[in-house]
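Student: The transmembrane segment annotation in TrEMBL covers B:6-24, B:67-89, B:101-129, B:150-169, B:207-225. The annotation domain '4Fe-4S ferredoxin-type' is assigned in TrEMBL to B:295-326, B:357-389.
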Amino acid sequence: MNVPTMAEMMAQGKQPEVLFWVGCAGSFDDRAKKITKAFVKILNKANVEFAVLGTEESCSGDPAKRAGNEFLFQMQAMTNIEVLNAYEIKKIVTACPHCFNTLKNEYPQLGGTYEVVHHTELLKSLLDDGRLSIEGGKFKGKKITFHDPCYLGRANEVYEAPRELIQKLDVELVEMKRCKSNGLCCGAGGAQMFKEPEKGDKDINVERTEDAIKVSPNIIATGCPFCNTMITDGVKATNKEEEIEVLDIAELIANAEDL
Amino acid sequence: MNYIDNIAFLILLILGVGFFVKNIQKIIRNIKLGKKVDRSDNSNARWQNMAFIAFGQSKMVKRPISALLHIIVYLGFIIINIEVIEIIIDGLFGTHRVLSFLGGTYAILIGTFEILALLVLISVSVFWIRRMVLRIPRFWNKEMKGFPKNDALYILYFEMVLMSLFLIMNATDVPFQQGDSGNPISQFLVPLFENFNVTTLYIIERTAWWLHIAGILIFLNYLYYSKHLHILLAFPNTYFANLNPKGQLNNLEAVTNEVKMMLDPTADPFAAAPEGSEDEVPEKFGASDVTDLNWVQLMNAYTCTECGRCTSSCPANITGKELSPRAIMMKTRDRLEEVGKNINKNGEFVEDGKQLLNDYITPEEIWACTSCNACVEECPVNIDPLSIIIDLRRYLVMEQSAASQELNMMMTNIENNGAPWQYNQMDRLNWKDE
């Protein structure tokens, strides 16, 4: 796997096409690391010149901001912006909708203006430009439902890119009753990922997983490492792990071709 | 001596409109208690939002049944109120159906009003059935007990009575019925009154006429006390609504200045503040009371008509948590009203030992939010409960350090090692070789 860092690129006097912002989950969470690797494999295959910040990357500040800690968020943002601007980054891709939203919408005011795209958007444009081809492979004919991450969907109105990618896999895309702008949250947003839920009568991820189970898919596709964790837990909680797989769209594409 | 009616009408009109104007001024004053926020940009997009979302009700269609019923009542309200022009002229000058000289056009107008009146009557009855018989859950959440529940019913009864009075007024108007045009609905009510003599009919017609206009004026004044202000505030509320992507939270400028200073090695922390910078330093970070919120958030609270679409789509509420975005708006308004009354009584706000946070909205509610924006997306008039929740969280965290242990851990990790979990930043690229 070829994963150049910005520091290495700079040493060679090169500027990548796009910076891959891995994010904390993508860097450290065992499940999310698989998504990161799947995405890198696709980038390698499509000959995309990309780089990562590696150890120079730091939390985007999203969970701190949503938890109400504006100080910590802005400290993180400004430190990151300094690094990004020093490397003269123009375009950023990330597989985390939380990083995506924060970098895209909340950094410009603090001096960090970049073209920020979600990995499904980048993959879609690679496909449109003929740099990437997608085949169904082992997923052919499977029934897949897509869970809209709030920070990709409602927050930034990206609904179609992930769906178009899924449809390229020769699968049956089925929609849950609550989808797109009506999509139900997985329960992790707004810093909930890092705390126990408040007292209630049900866990949100179970409620959401039940939405998916109702359309009896073979696979629940997501585009967010947190959604992935929450839905995976939901599938376990409902004892469906034998029947339903939870996969990121990058994994679907990479695994279809055994990358 | 025949002017008594006209004078009585004039007094009624002045009182009705006068009180209304006075109350509207109170609302405007209360809204202005909010902090400044600039929404003067991009007026094209704002007019467009107002035209589509408020005037065109484009966000209502997500729930087609209530959208259809609502559009009937809305059209009925706007169109039938044209009749009020004639009522006012007749009332002031002692004329009767002054616009009837329009002939065929008049018949078409009144005929349309009658058909709409019937449709409104039907729609409002269905609304009542949805609330009271079908008991649609969003009308029965716990914040909908007591006045909020009755408020909704009063409004429905008001509309039923007003529409019935209009039709009765037409049905008992003998010359109008004799003309037999423009009475597509009221003609069917005529048989109800066939045993009455002309004088009685005249009295019924006059009574219905007076009650109709008095009812309209009372309803106009009831708005101020009710959840029904949305019929007016939906328009400014959609105009001034946030235009940024829903995921974008505002960056606090006061924090930006401080963080820049912290990160700038050449900054002199003891330097005198630059001229005029004092107004920019907020007395607190985030919001603990309504006066810490901005005026758009306060207008949101007055605009909310408590339909509960937000709450019925809120993942926290659906799964039984305390949080209800509608209750956030209702509590904000309740507290704002309380602050307003305090000002009315004392001339200025006198500390009452209460605030929005804790006394109205509990930390448990705001910590249950996933910031998923479902409530914002759902609101037919672009109210933003999430922005209030975030401002309250900011106060809890930045002023009171009152985040939970788990959230504090997450934040400490970000501070120390640049990730919400306790991993070494130097290990950030290890995945590459695993």
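Placed from the backbone N, Cα and C atoms, the Cβ positions cover glycine too.
Note: TrEMBL annotation is automatic and uncurated.
Mind running through what each feature is packed against?
Tutor: Remote same-chain partners of the transmembrane segment (B:6-24), defined as residues 6 or more beyond its termini with a Cβ less than 8 Å from a stretch Cβ, comprise 88, 91-94, 213-214, 216-218, 220-221, 223-224.
Sequence-distant contacts of the domain '4Fe-4S ferredoxin-type' (B:295-326) (same chain, at least 6 residues past either end, Cβ-Cβ under 8 Å): 27, 30-37, 39, 62-63, 137-139, 141-144, 148, 151-152, 227-230, 233-234, 236-237, 240-242, 332-333, 336, 362, 364-366, 368-370, 372, 374-381, 383-389, 391.
Packing against the domain '4Fe-4S ferredoxin-type' (B:357-389) from elsewhere in the chain are residues 49, 53-54, 57, 59-60, 62, 230, 233-234, 237-238, 241-242, 246-247, 249-250, 287-289, 293, 296-297, 300, 303-305, 307, 309-316, 321-329, 331-332, 334-335, 395-396, 402, 404: each is 6 or more residues past its ends and has a CB under 8 Å from a CB in it.
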Student: Quick one: mean pLDDT on the domain '4Fe-4S ferredoxin-type' (B:357-389)?
Tutor: 98
Student: Hey, which bits of the same chain come close to the transmembrane segment (B:150-169), Cβ under 8 Å, at least six residues off its ends?
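Tutor: Same-chain residues near the transmembrane segment (B:150-169) but 6 or more away: 73, 76, 80, 83, 113-114, 117-118, 120-121, 124-125, 127-128, 131-132, 139, 144, 185-186, 189, 204-205, 208-209, 211-212, 215-216, 218-219, 222, 226-228, 306.
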